[in-house]
Amino acid sequence: MSNEIKIPYIRNNDHYEVSFSSILKDFFCFVALYNYVIPISLYVTLELQKFLGTLFFEWDIHMYDPDTNETAICNTSDLNEDLGQIEYLFTDKTGTLTKNEMQFERCSVNGSIFEEKDGYLYPASDGTIESPIDLKNCSREMELFLCALALCHTVQTSKEGESYNATSPDEKALVEATKKLGIVFEDDDDDMMALNILGQSKMFKKLDVLEFSSERKRMSVIIEDEEENIILYCKGAETSVIPQVKKGPKEITLKHVAEFATQRLRTLVVGYKFLTRDQYLRMSEKLKNARQTLSSEREAVVSDTYRRIESNLTVLGATGIRDDIQDGVKETLSSLKEAGIKIWMLTGDKLETAENVSLNCGHFEENFIRLILQQQRNPDSCREILSEYLKKIEEEELKNFGLIVDGESLTTALAYNRELFRKVCTKCSGVICSRMSPLQKKEVVKLIKDQRRSPITAAIGDGANDVSMIQEAHVGIGIMGKEGRQAARCSDFAFSKFKYLRRTFLVHGHWYYLRVATLVQYFFYKNLAFVLPQFFYLFFSGYSAQSLYDGAYLTGYNTIFTSFPILIYGLFEQNYKETELEKEPALYLINNRNTLMSWRNFLSWFSLGLWHSIVVFFFPTLYNLHNSSTLIGGRNIFLESFGTLVFHCSVTVTHLNYFPTVIPPFTVLVSVFVENFTSTNYWAYLNLLGSPSTWLLVILVCTASLLPDFTDATFDLI
């Protein structure tokens, strides 16, 4: 009689022939057996966690604005964790840092400054305010200036005629200012514009409009008055209008514009010229031909035609409009800087205006050494200045520098000195870019994104001219302001005020990153701790493809027993309270530069998974090798019970650190699951639970599994 022991799940190697088909069969068996190490369910869990996480962002009562009745909006769930990794923030000024509530305050007309107060214009001289001027007997230049403000716009009157609707808050502020002064824009009906000038109604025929664009930075309107005079009125940025001026007090107007800018006023320059009938007809024909151009150069042709028509202007003066800073902006910028985020202001306003607003809101600090790059068209000259600035920064490393650059110089720097410009910018504590077009805003964001280290960037704005920069940044944030919802619709996240950015980054960003990083690495860890015992069992099963675990356990491990607790963790974990995160912005730096997802951290999780797999497999194995009576009543343990024991230890250990309260419900869940859904493991789990040695073994396994944590905690205390 043969003494050969035949075990059904171990092949008999004496009768086993090696062939290609057997190798192929074993290969696919092992692939099926060990594929659980790849966390396929991670994708589903992660997407669900991100989607549900965005709901908490939108439900945050602290992000609700009672003034506008607006809540925060999340347009995507793919970038939640990036909110906790921001290194550069690019922000618009008007409507983003400021309220976008424009109030006409001052103007310069024919070389003299006037201040508006209570519906009157007062001459301002050396800080003293004299008696108001009489508009009925005012100069011709003042009359033309006020008519230009009342006619050169795209404002529409409401149905009742009592208020104005405008896409540009500046235009609305100017039209409302002329109304207070007695020159009322009443209607714009097709080709006719109606003004009430000091009680007298006058009609103006609107012949053409040369539209505003962010590239042109000006707009013009051609009108014909009741005396059949044809006049072109033009208004826009001084860098755009002044080059078109041939007559008038150009120098003194520029001086006044600079003065207004230092007072944090938004400035526009106004010019005009009279046209003869023949001149207008020729211009009209050129405009018609340019607008009918079908080639790809149509926009350039139209722009060039506009430029020619708007040449030889006479400057009338300039306007100064007040736009106050939003509440909470200064505190928000201070917190973000403390959190290690570098902030760049990108604006279309004048350089001096941007600089003064920056100082007032705390973007630039008084101790900043300001480096100014202005009106640099020559690449060589631009390079020399940038090289000098770089040398100065490197020699005085302990000081804070702030770079201020205008749009003209920015174009030169990006085209000819890109790398040098980037070095200077990244070494500065803050940067201001003024008189920028939407395309330039996008290019500046791209400049930082394209670095070798590729820091995570965020851009925030409220208008259509900010869309390109919002879409270029890693994270785009829209402000639901007074210039429409285009920026909010094109962004990843949106809210109504800049101050909510502080909570978005410091609280939600910190939590999002922690939760996602832990969830992802926990999935790899728990699957490793679960699958490696299968591999170890290979050496005890004659290298067969016999599974250590029952099929029900293999199916339910990721879907039932381990995914739900980490999902809950990924939604509710708060390593710091929100008050702590807002009070201590430096906590944001803890997770800076993807710290939790580094190779070092990943290897730490991998090592933990390896150790836990060794503990949960070899402790029960060694125990059963020396003690065959594991079950109650002195019965021997069999494969199903041993696999169940290892499974129980594996799930218990993987839950122990993060979800200890899950372990008791897990015990009940497994017993119900096994009793009702499996036949091979019938009573196996209950028999294990009825054995005191099982509970002692589980305690021993849990204690051994925590040794790395105890060791790490001990070294932290030393």
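Glycine is treated like the rest: Cβ placed from N, Cα and C.
Taken verbatim from TrEMBL:
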ACT_SITE  Asp92  active site, 4-aspartylphosphate intermediate
BINDING   Asp92, Lys93, Thr94, Glu171, Phe212, Lys235, Arg266, Thr347, Gly348, Asp349, Arg435, Lys441, Asn465, Asp466  ATP binding site
DOMAIN    488-711  domain 'P-type ATPase C-terminal'
TRANSMEM  522-540  transmembrane segment
TRANSMEM  552-572  transmembrane segment
TRANSMEM  602-625  transmembrane segment
TRANSMEM  682-707  transmembrane segment
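Outside the transmembrane segment (602-625) by six or more residues, the chain places 521-522, 524-533, 536-537, 540, 637, 642, 645-646, 649-650, 653-654, 693, 697, 700-701, 704-705, 708 with a CB less than 8 A from a CB of the stretch. Geometry remark: Phe212 (ATP binding site) versus Asp92 (active site, 4-aspartylphosphate intermediate), CA distance 19 Å. When pLDDT values are averaged over the domain 'P-type ATPase C-terminal' (488-711), the model yields 83.
Here the binding-site residues are Thr94, Asn465, and the one ringed by the most other CB atoms within 10 angstroms is Thr94. Of all Cα pairs drawn from Asp92, Lys93, Thr94, Glu171, Phe212, Lys235, Arg266, Thr347, Gly348, Asp349, Arg435, Lys441, Asn465, Asp466, which the record names as binding ATP, the longest spans 23 Å.
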